[in-house]
Amino acid sequence: MTDLKASSLRALKLMDLTTLNDDDTDEKVIALCHQAKTPVGNTAAICIYPRFIPIARKTLKEQGTPEIRIATVTNFPHGNDDIEIALAETRAAIAYGADEVDVVFPYRALMAGNEQVGFDLVKACKEACAAANVLLKVIIETGELKDEALIRKASEISIKAGADFIKTSTGKVAVNATPESARIMMEVIRDMGVEKTVGFKPAGGVRTAEDAQKYLAIADELFGADWADARHYRFGASSLLASLLKALGHGDGKSASSY
């Protein structure tokens, strides 16, 4: 197996196959569930808006892949600093049956100098998730933070407040995941000594098998080749799947989605 084939198979099994569009429908989510079951293995999860969780759960069960996890988003995409609303949305997502919640960190508050609200928001959402055995990923929106010190600070605050994963981006801003921001965030995980318990998720802009290979290489360099499993690493993407399947000899590499 070539290096690209090997990394593509790894990446496929680490995907949170995503649709987070204003025009999402039951039909589109059902199609996403079907796509998550591929000839070479299943994606780790799908990521959808909370209202679609019941139809996704039903579809995944009916197609014989109940092990594919369902992730959803809260405080999304703007990362507001109202803790009560973020917590209410997170509790609602859990009630819908989410296995994982990706919550947006109040990054604009951090940019304005307020570190406390981010900590308090993540901590509140973590307590709700932990009580239901739901994984919490925290989106810090690196493309808006821009500054390395702010990316580092948002990562540290999220981890201290209980994040199970730190995630680069919503996919809804001009700049999403980059290898540079990925390295900074994973270095925080390493420097804090939490690589056993905290994972990393690049999202938005990871579109090709070659892109995925680059991101996995950074993880392998920092943590060794065994670290990036589904408990420690995910790709938030949709169009990536077609490219990975093409690299693995399935399909033409074309995708209907741009995430």
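Note that Cβ sites are derived from N, Cα and C of the backbone, with glycine treated the same way.
If you check Swiss-Prot, you get these features:
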ACT_SITE  D102  active site, proton donor/acceptor
ACT_SITE  K167  active site, schiff-base intermediate with acetaldehyde
ACT_SITE  K201  active site, proton donor/acceptor
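Known features from Swiss-Prot, placed on the structure.
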{"residue": "D102", "record": "active site, proton donor/acceptor", "CB count, 10 Å": "28"}
{"residue": "K167", "record": "active site, schiff-base intermediate with acetaldehyde", "CB count, 10 Å": "28"}
{"residue": "K201", "record": "active site, proton donor/acceptor", "CB count, 10 Å": "27"}
According to DSSP, which of helix, strand or coil covers D102 (active site, proton donor/acceptor)? strand
Work out how many Å separate D102 (active site, proton donor/acceptor) and the residue listed as 'active site, schiff-base intermediate with acetaldehyde' at their Cα atoms, rounded off. 8
